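Visitor: Before anything else, here's the structure in question.
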């Protein structure tokens, strides 16, 4: 019995991955179970509800699981067969089983018969397929029982490899794959549970990964950022790292003399990082251009303080930030904080429940001076001018009160509205606008509606709460327009150089701050 158990232990080292049906698990124990004959494998299932216990049977602990019902004992014979990456790739891309044809025997037969034209049926077809196999640039063997490399040196053109959801369970296996593929730059290891490498293993294996530029470790069971940083010592030249769906929770500052020296992209989607203070710990990643922190439950964006006319010396290269599906409760404050980032050009964010995309777009554009795209929508010069002008008018009274309240009052205003001093430089002092905003407003306003093509002008008294869509209907009727609905914009009577598009048909003139004697242009 001891010999049999030793053989099982040799075949299933602790940490080995197994698959039964659609269920994946990790070997946590190999040996006897009291009261039961033979050798057993103690399995911790990826699905924490799949098992029957937590590693304790009849009061004795054999192994430990993360969930109360994550463990089971199974017979070794229940575990299905494994495969090499070589065999899995050939089967998927050639539909060819090498055991059916012994190519060396065929070549011997050709030589012995001295028949240069000797041909075995199907051999030419296999040769053509083999040629295509060698030229493959991308290979995916996801959802296969791969747990070893095999012979891969023929794949000299391979740049992208997907071995997600396989049975690869340690970095020695990954290294034996990578070292045979000199052109490999993109590696997807998602949904594999890999044993943490030792320091000596990292020293030994690191040369095998020097060509790697992009690696995806989605749902690989990481729960400690320190383990990520330790493992990252394997990839000295990594540019893009995916850690989606690993429950990290907390982060720590990175030692850039050792890891992430060239990192451009980091994906922390759904990693349970609920506090933005944790995100700022990565601010010393000076080469980072893209950061994805969507679906993390972040409610507030808070960055270190800096003067309103300055930018922070963190995330100095960050151009793209993904905040989608985080319950950020104060959009205006969040955008004001993000203006502190020196290079932010692209932002993705879900509108607040009490907001909509157009309102969010306007706030973001006016509050983040460097922003060029939001949710993939490009910010045009006209849209920026309109958004900035709305903010310029909205806080005109607050600005005037702050300037009259002394240095501290003005500093506090600029802290809460970082871009406002820039808007004053751009559009002038809002002092002459303040009396208009303070005065008791009539429900009706007189506006001049001018057709730009014909020059015809229509003086009209309209309700402040009239929608753009209703006004478009009146304009079409008055100017006898047919065909496409005309585009409208307005010019502030006191600042005729500012042209603001009325680009949301559902909004009112009051929303756009159209005032008495302003001009509406029909385009």
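We number each residue from 1, going along the chain as drawn.
Glycine is no exception: its Cβ is also placed from the backbone N, Cα and C atoms.
Straight out of Swiss-Prot:
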- 31-75: domain 'CAP-Gly' (DOMAIN)
- 155-180: repeat 'LRR 1' (REPEAT)
- 181-204: repeat 'LRR 2' (REPEAT)
- 209-232: repeat 'LRR 3' (REPEAT)
- 235-258: repeat 'LRR 4' (REPEAT)
- 260-284: repeat 'LRR 5' (REPEAT)
- 285-310: repeat 'LRR 6' (REPEAT)
- 315-337: repeat 'LRR 7' (REPEAT)
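Looking at the shown structure, what environment does each listed feature sit in?
Guide: Counting residue by residue with DSSP, the domain 'CAP-Gly' (31-75) contains 0 helix, 22 strand, 23 coil.
For the repeat 'LRR 1' (155-180), the DSSP-based tally of helix, strand and coil residues reads 8 helix, 3 strand, 15 coil.
Within the repeat 'LRR 2' (181-204), the DSSP-based counts of helix, strand and coil residues read 6 helix, 3 strand, 15 coil.
In terms of DSSP secondary structure, the repeat 'LRR 3' (209-232) contains 9 helix, 3 strand, 12 coil.
Taking DSSP states H, G and I as helix and E and B as strand, the repeat 'LRR 4' (235-258) has 0 helix, 3 strand, 21 coil.
Remote same-chain partners of the repeat 'LRR 5' (260-284), defined as residues 6 or more beyond its termini with a Cβ less than 8 Å from a stretch Cβ, comprise 214, 216, 232, 236-254, 290-304, 312, 314-315, 322.
Residues 244, 254, 256, 260-277, 279, 316-330, 333-334, 337-338, 340-341, 348, 411, 414-415, 418, 421 of the same chain, all 6+ positions outside the repeat 'LRR 6' (285-310), place their C-beta atoms under 8 angstroms from a C-beta of that stretch.
Sequence-distant neighbours of the repeat 'LRR 7' (315-337) (same chain, 6+ residues past either end, Cβ-Cβ under 8 Å): 269, 282-283, 285-303, 343-352, 355, 360, 363-364, 367-368, 416-418.
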Visitor: For the repeat 'LRR 6' (285-310), DSSP counts of helix, strand and coil?
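Guide: Residue counts in helix, strand and coil order: 0 helix, 3 strand, 23 coil.
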Visitor: DSSP helix, strand and coil counts for the repeat 'LRR 5' (260-284)?
Guide: 5 helix, 3 strand, 17 coil
